[in-house]
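Undergrad: Next up is a structure, given as structure tokens.
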Amino acid sequence: MDSEKVVRAMARWWQTVSQEDGDPNSHNPMLYDPLQDGVVKTSKTRQYLAALIICLGAVAAGTALAWTSPVLPKITANVNSTAITNSTIGNSTIGNSTIGNLTITNGTTPTPLPSDDRLQLTVDQTTWVSSLLAIGAFLGALPSGYIADTIGRRYTAMVMDVPFILAWISISFAQSAGWLYVGRFLIGISTGSFCVVAPMYISEIAETSIRGTLGTLFQLLLTIGILLVYVVGSMVTWQTLSMLCLLIPIALFCGLLILPETPVYLLKKGRRSEAALSLKWLWGRYCDSRSAIQVIQNDLDQTVADASVMDLFSNRGSRNGLIISALLMVFQQFSGINAVIFYTESIFQSAGSSLNASLCSIIVGVVQVIMTLTSSLLIEKAGRKILLIFSSTVMTICLAMLGAYFNMSNSGKDVSAIGWLPLLCVVLFIISFSVGYGPIPWLMMGELFLPDVKGIAVSLTVMLNWLCVFVVTKCFSSMNESLGSDVTFWFFGTWMALATIYVAIAVQETKGKSASQIQNWLSGR
């Protein structure tokens with residue numbers, strides 16, 4: 001009799017989330033939720049682990065984006081030491097290489113560069129080596145959302161990791177520019193894809209309380225990948241650097257083997273018990289997966305099963321989310337981050353610094369990593385909106401002052417007494433970009449859409465981002481020549497002033513809000 005009471009008490013104590021499904025997994029012990037007060041709890045360790053693993057794709061992207069900086073000067077024949085300058089890092093720009101026609105000379109005399117006897121590129125070939133990544137990223141983002149909605153976020157990441165691996169093999173053993181073209185195009189496809197898949201995955205596995213922190217990891221690990229290449233690339237040959245970069249996508253593929261699919265995707269496909277198992281893996285065995293599943297299901301009930309592009313534009317909430325996400329990406333690229341980094345070396349020199357270009361890049365990279373990490377710690381305390389406003393306001397001031405400095409310098413005025421001013425502006429600019437418009441557009445892109453349109457919306461947003469990368473880098477050189485560096489900086493400063501006004505008026509705080517609460521705001525309810 002006593003034993004029967006114990007059994008009945010235990011039955012009341014634990015309850016499965018999927019007994020009603022008739023699923024063969026419904027009696028899996030992992031699916032039982034502790035219901036007694038004080039027992040239910042979540043663990044965040046595996047959420048951080050899962051986010052870090054998927055963001056190895058960001059590290060791989062960062063290494064690919066920064067690779068041109070230390071490598072192109074070594075494999076380009078008969079060029080000025082400053083003719084190959086400044087590579088665009090898409091969402092975060094650092095370095096000394098070329099994208100598009102982005103070239104400049106600072107009045108230095110031609111000096112021979114260390115070269116590689118096996119491979120010598122013309123200046124025109126170097127522009128293609130750099131530009132093909134942006135083109136590949138644009139095309140890679142296009143199908144990734146659809147693929148992620150079809151086979152899942154995890155399997156999409158695994159599939160799109162393969163071009164990363166093939167690309168680095170092609171680059172490491174390249175005997176001609178053609179193999180570099182193939183490698184850079186493939187690496188662009190993977191980069192664009194991970195810009196879509198990683199934010200989607202993170203937004204769907206994270207608890208609301210840490211969603212912002214996990215969302216900034218993509219940008220943080222991107223900057224770490226960039227810094228890694230600048231440090232290692234200054235010490236080893238370009239072939240060795242390429243082979244070392246290959247290790248990152250291999251580690252990513254191995255890590256993806258242990259990750260679960262997101263609960264949102266599984267529930268969307270009607271695989272309720274698998275969604276619960278995924279939650280248990282991510283949130284800990286003692287989480288209340290039944291309640292969490294019900295919250296996700298309520299959000300899914302507001303959606304249609306197979307949304308189209310027309311659904312994205314016809315639904316007010318989705319349409320407003322797309323507008324906000326797209327404009328944040330436009331503001332990110334038109335912040336002038338490329339222009340500022342482009343002048344980093346000359347600004348260091350005007351301040352009396354004798355640092356070489358490689359060390360300048362490393363210093364800038366360290367600042368970006370530290371401040372992006374700071375953003376990840378502040379994001380759940382300060383919120384998204386206040387950091388965006390702070391970021392664009394400071395960048396507006398810095399760009400205005402840089403424009404004024406170059407205006408005086410170009411007009412022949414003595415600026416030696418304020419040589420420290422542009423250096424200060426650059427540092428403040430990089431800090432403010434890193435805590436705001438660097439990571440937050442990627443974070444909010446994953447927050448603003450329901451699962452039915454998320455794949456399409458994120459793909460379109462990432463494609464717009466890479467289109468802006470291409471436009472800004474292609475136009476910057478001609479703008480600088482025809483308008484002058486002062487007007488160019490003021491042009492970007494105007495964009496940042498508009499960004500401050502837009503965010504202050506049109507964007508609400510998403511910190512701590514559930515998906516349904518965010519949709520209520522976007523829908524005007």
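From the backbone N, Cα and C atoms, a Cβ is placed for every residue, glycine too.
Pulled these from TrEMBL:
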- 50-511: domain 'Major facilitator superfamily (MFS) profile' (DOMAIN)
- 48-67: transmembrane segment (TRANSMEM)
- 128-148: transmembrane segment (TRANSMEM)
- 155-175: transmembrane segment (TRANSMEM)
- 181-202: transmembrane segment (TRANSMEM)
- 214-232: transmembrane segment (TRANSMEM)
- 238-259: transmembrane segment (TRANSMEM)
- 322-343: transmembrane segment (TRANSMEM)
- 355-379: transmembrane segment (TRANSMEM)
- 386-406: transmembrane segment (TRANSMEM)
- 418-443: transmembrane segment (TRANSMEM)
- 455-472: transmembrane segment (TRANSMEM)
- 487-507: transmembrane segment (TRANSMEM)
Undergrad: So which of 322-343, 355-379, 386-406, 487-507 has the most C-beta pairs under 8 Å when paired with the transmembrane segment (455-472)?
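TA: When the Cβ pairs under 8 Å are tallied, 322-343 comes out ahead.
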Undergrad: Thinking of Cβ pairs under 8 Å, which stretch from 48-67, 181-202, 322-343, 487-507 has the most of them with the transmembrane segment (386-406)?
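TA: Counting Cβ pairs under 8 Å, the winner is 487-507.
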Undergrad: Restricting to CB pairs under 8 Å, which listed stretch, 48-67, 181-202, 355-379, 418-443, 487-507, is in contact most with the transmembrane segment (238-259)?
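TA: Answer is 48-67, with the largest number of Cβ pairs below 8 Å.
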Undergrad: Would you confirm whether the transmembrane segment (487-507) and the transmembrane segment (322-343) meet the contact rule of 3 or more C-beta pairs below 8 angstroms, pairs 6 or more apart in sequence?
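TA: When sequence-distant Cβ pairs are counted, the transmembrane segment (322-343) touches the transmembrane segment (487-507), since at least 3 lie under 8 Å.
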Undergrad: Counting Cβ pairs under 8 Å to the transmembrane segment (48-67), which of 128-148, 181-202, 214-232, 418-443 comes out on top?
TA: 214-232
Undergrad: For the transmembrane segment (181-202), find every same-chain residue at least 6 residues outside the stretch whose CB is under 8 Å from a CB in it, and list them.
TA: 50-51, 54-55, 57-58, 60-61, 64-65, 90-91, 128-130, 132-142, 144-145, 148, 153-154, 156-157, 160-161, 163-164, 166-171, 174, 211, 214-215, 217-218, 249, 262, 442-443, 445-446, 454-455, 458-459, 462-463, 465-466
Undergrad: Apart from its near flanks, which chain residues at least 6 from the ends of the transmembrane segment (418-443) lie with a Cβ under 8 angstroms of it?
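TA: Distant contacts of the transmembrane segment (418-443): 91-92, 195, 199, 211-212, 215-216, 218-220, 223, 325, 328-329, 331-332, 335, 337, 340-341, 343-344, 347-348, 350-353, 364, 367-368, 370-372, 374-376, 378-379, 384, 387-388, 390-395, 398-399, 401-402, 405-406, 465, 499.
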Undergrad: Please report, as numbers and ranges, the same-chain residues at least 6 past the borders of the transmembrane segment (214-232) whose CB is under 8 Å from any CB of it.
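TA: Result: 47-48, 51-52, 55-56, 58-67, 69-70, 89, 91-92, 94-95, 198-199, 202-203, 205-206, 241, 244-245, 248, 358, 361-362, 365-366, 368-369, 372-373, 375-376, 379, 434, 438-440, 442-444, 446-447.
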